[in-house]
Amino acid sequence: YNAFTLKICRTVLLTNFSFSLSLLCSPPVLPHYSVFVSLIDKCDEPLASPLSHTAFTSSSVFSNGYAPGYAKLNRRGGAGGWSPLDSDHYQWLQVDLGSRKQVRAIATQGRYSSSDWTTRYRLLYSDTGRNWKPYHQDGNIWAFSGNSNSESSVRHELQQGIVARFLRLIPLDWSEEGRIGLRIEVYGCSYWSDVINFDGQGVISYRFKVKKMKIIKDVIALRFKTSESEGVILHGEGQQGDYITLELRKAKLQLQINLGSNQYGSILGHTSVTTGSLLDDNHWHSVVIERYRRNVNFTLDRHTQHFRTNGEFDHLDLDYELSFGGMPYSGKPVGGGRKNFKGCMESINYNGDNITDLARRKKLDTSSFRNLSFSCVETHTFPVFFNASSFLQLPGRANHNVVSVGFQFRTWNPDGLLLFSNLDDGILEISLEEGKVIVHINVTTATKNYRVDLSSGSGLNDGQWHAIRLVVKENFAMLTINGEEASAVILTTSLTAASLLVITKSKHFTHLFIVHGGGCRQTWDSFSCTCDGTGYTGATCHTSIYEPSCEAYKHLGRSSDTYWIDPDGSGPLSPFKVNCNMTEDNVWTTVMNNLPPRTLVTGSSREKRTVLQVNYSASIDQVSATITTSAEYCEQHIAYSCRTSRLLNTPDGTPYTWWVGRGSEKHFYWGGSGPGIQKCACGIDRNCTDPKYDCNCDADHKVWREDSGLLVYKDHLPVSQVAVGDTNRPGSEAKLTVGPLRCQGDNYWNAASFTTPSSYLHFATFQGETSADISFYFKTSAPYGVFLENLGNTDFIRLELKSPKVVSFSFDVGNGPVELSVHSATPLNDDQWHRVVAERNVKEAVLQLDQTYRVSRLAPAQGHTRLELFSQLYVGAAGGQRGFLGCIRGLRMNGITLDLEERAKVTPGVKPGCQGHCTSYGMYCRNGGKCVEKYNGYLCDCSKTAYDGPFCTKDVGGFFEAGTLIKYSLAPEPVSSSRDSRLQSHQLWPQEVNLTREELSLSFSTSNAPRCSSTSAPKLRTIWRSLQVRYNLGGLREPFSIDVDQRNLANGQPHNINMSRVDRRITIQMDHYPPVSYTLPDASDTQLNLVKTLFLGKVYETGHVDPAVIERHNSPGFVGCLSRVWFNGVAPLKASDRPLTPVSHQGKLLESNCGASPLTIPPMSAATDPWHLDNTDAEFPFNEERVIPDGVNRDSAIIGGIIAVVIFTILCTLVFLIRYMFRHKGTYHTNEAKGSAESAAESADTAIIGTDNPETIDESKKEWFI
């Protein structure tokens, strides 16, 4: 996407002298890359040495023995080579090769046996010997290194081969010991091609073999040169609206192509791409157009733009012919009165046919030419280039009273002197000031001074040619710009011309590499980009300002909203808007469409279907190439409501209606079904209205039916068209709904972990010649390591962690190594994710870390600009570099995300994802625990659960004596002390409370009944006898009571309860029984207002409390064990032993697991744990099992077993004695045996509970227990 701008000026002076003068100047600066037609196996013949002496000319000669004819490589004739009269920067040596040749290399020597040689030089070339062009390489006018002595030969291969007849060498530096000295040789071969001269009238018509061509693939190649800024190079069109046009507009090359628009106008196929600049320089330019379906490569002088045409059609439908050189006379309105091409073309090829050869052999229609010429007619005027210090001085004629000056100019500089001349009695000056032409005439007489000022035009520094004509006569002066009279001034004295006329111009030029529609401001010296409104930023508008996905916005802390995303970053696709839904477990990306819900369709039939176009807020290319490609799952709802309108017919019949998805393919399945199955959702579920059909609508009933469901095969999505074909019968109608496209998952977390210092991944060579942007995330505990590297012959690019606080970006494009480093204030090897963004372009290089640290460096004004790499791209260590240990994810290079995980699957030493992190072991964080990633393992964050322990599986519980209570303050109260202030600021109540819902879960065991287990003031009451739940939310005279279970739950066994309320719906689950739902009366309020306190064990409050709680249950309170208590995000038991929490308690509370069975997690073996730690005091993972070696003696095992049985018997006896003692001391009395008997008599379920939970309930109020 490189726009190149050339710098040329063209000057034609029309004066009152007896001759007209054409001024030609230095060649333009657009890099010239030739496309050769004649191919020779080895194009390396010496071209200069066979030439005669007369083929060599020069700017000057030191003496006869130093003539240019002696400047042949390895020759010793004359003085042994060429030397000019003066050794300065105005000298040159020129060779006439006799005809146009392919030049592939050049070699130089110094003058034989002397101190004269040239150390540095430039190469110019030309077809005519007047209009010169400098040789370019790496986007710059190239300077070749020369010799360091007089005898050795230095040869340079031309990376960009040239075709020319004349060559000119310009010495830039030479021997400090002597003067300029040169002997040269040029290597190449003959060149021949068919050339056609277009006069601006004639057009060559290439007729197709058939009347209409339906073309899926095109290859068009040609070379052209012209001095005109406008002209159609080729054109073809079809009756269906397809066309292809290649033309010059304002000296830029524009390709317009249309593969077709639909009859509704909703698909617009017109595509226009512009490249190049100042192509009216009368130098050869090569063009190649390659198209396959909608993919196009558009190449100008070896610089290629890749793009896809708009619309959804793949074929170029052309009628009759393709014309070269202009528009056909029967052209459609697309012609628009455009000019025909005027200039020369050669080597025209269209899909394998040599158009120039066919025209020479009169196989094509050339009747429109007045005089067809197969040689290039050269123009008689050529441009002249002026730099900051150059000028042209011409002789004038004295004693004339008329001055007439005319010339053309073009520039990007707003100011500069164009012409200056002395008059016999004054001066004449023409200048450009702020883009306007200003003429100053000063006349001095013996009595008075006269000054005449003329101005005309505006914005003339736009790089286009502008014509100036100034006529000054006695008492009259007129200035004309671009043929329009600007002003006329009557002078009161006559003017007399002087003998000197000076023309000046200034400044230099640089290339333009602006992308993504950025604006350009430039002078001859430099350019700058305006990126406003493009969605991109940077020196060349290369870097997107938007995130690539909704997932990325989520990790920036953004909530659900509409966002701009740019999935391909610096790639060709522009940003677009999507809806991001971040409230679910997964982040959903939604792309809306413009089809109204339940769009009415009538009057359609199989012969003439109604096609409804579905257009999205993003183009199909943006959706298909980004969202659906990288998403893990996509869905789109589609619904067809019908009345006497059939949908798909039978699986074997022709469908009445179909839809078109990605790739413009028709699909005959409906929502709820899948590819290859011509059914609707009811056909899959076998519940259609009429079982003989697989869609409800296919029953053809006269009542409204509907077939709807989700389309989930993402390679077919999104739906772009729906063709409806059965609504033309009486009473027949249908309503269509196509929902938005919804996708979840992307490659934001695409990661690989490098487990050894020598491990790396390799990818194809990075193509970042003029613009390279790289971004990725990394985390490591290592102090250094190479992130990635790509090498060329001398060029390279590398990103590296140099030290724990330094990230470096280094590269070399041929001007020497450049390194940028950012220094972090904190260590980067902290096992946390850090983001690196690096960019290099022709203007600057930038390195950014964590959106905090940034460093940049400007590119040199002259020198190499193209990054040429040849090796594979290595991610990680390669070639002996310091290896990277850690994780890299989200690696994007020039907008393309590299699939690290897929490559890591087949690479030793690299594992997909971040092994040992939550992607692999997050499943072990149970009961709502949050997995926290660490490089060498992971931790489970249990702070938001009612559990504790390394896996959030350890029960947090306590034993409640009679009178013991826990008070948890949910609402802060006014406080005065600093300690209370700290407590108030550390509330554990969630930040967002929905007062219309509660979530409660706990485990309990008791042998005392009835007792109060927990209550929350002011309105929620949860009471156990058997089990009763009481609600008082307002609106009712008496609290709403729910008798959950009439069994005796005070049986000493653990029981679990899970309860939730949403508005009036209450759901309760006891133990392993199915959930049961209850509904509050309509008169009841649904808001739990004034939430203040949560009590466990008993209620201690002075306000209005449910009398049933106070009178019947509150006096003794709950006696037994509570664990796993969780209420709307609050774990009061867990908080009771934490500092600075709003919890207080009365009575003695002892920690106990309450007989609840902890979840056992099998330990991981070292073989399956990549982050296994050898140290025994590591926090995680751990394994306390002992593995018995194979060599253990069998007798030892038997003896150990006997000892274990004896110890177990002794322990059981001790337990029995201790329990018996405590029973008789009266400290604690249990009814466990009695309760068990009662439960056995009540039901078999209670017996099962007792069997499934054999653990002994430890309810000792002592601070020690067994």
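Numbering starts at 1 and runs along the chain as it is shown here.
The backbone N, Cα and C atoms fix where each Cβ goes, and this holds for glycine too.
TrEMBL does not curate its annotations; it predicts them automatically.
As annotated by TrEMBL, signal peptide applies to 1-20.
For 43-189, the entry in TrEMBL reads domain 'F5/8 type C'.
According to TrEMBL, the feature domain 'Laminin G' maps to 195-376 (among others).
According to TrEMBL, the domain 'Laminin G' annotation covers 381-550 (among others).
Taken from TrEMBL, the feature domain 'Fibrinogen C-terminal' covers 541-593. Each residue in the domain 'Fibrinogen C-terminal' (541-593) gets a DSSP state, and the totals come to 5 helix, 18 strand, 30 coil.
Summarising the annotation, TrEMBL assigns domain 'Laminin G' to 750-914 (among others).
There are 23 other CB atoms within 10 A of the CB of CYS914 (disulfide bond), with all protein chains counted. Taken from TrEMBL, the feature disulfide bond applies to CYS887-CYS914.
Among the features that TrEMBL reports, domain 'EGF-like' is placed at 915-953.
What TrEMBL records for 972-1154 (among others) is domain 'Laminin G'.
Annotated transmembrane segment per TrEMBL: 1197-1218, in sequence order.
Counting residues of the domain 'F5/8 type C' (43-189) by DSSP class, helix then strand then coil, yields 9 helix, 70 strand, 68 coil. Its own atom aside, the Cβ of CYS887 (disulfide bond) has 24 Cβ atoms within 10 angstroms in the protein chains shown.
In this chain, the domain 'F5/8 type C' (43-189) lies close to the domain 'Laminin G' (750-914): three or more C-beta pairs between them fall below 8 angstroms, excluding pairs fewer than 6 positions apart. Taking the domain 'EGF-like' (915-953) as a whole, pLDDT averages 70 in the prediction.
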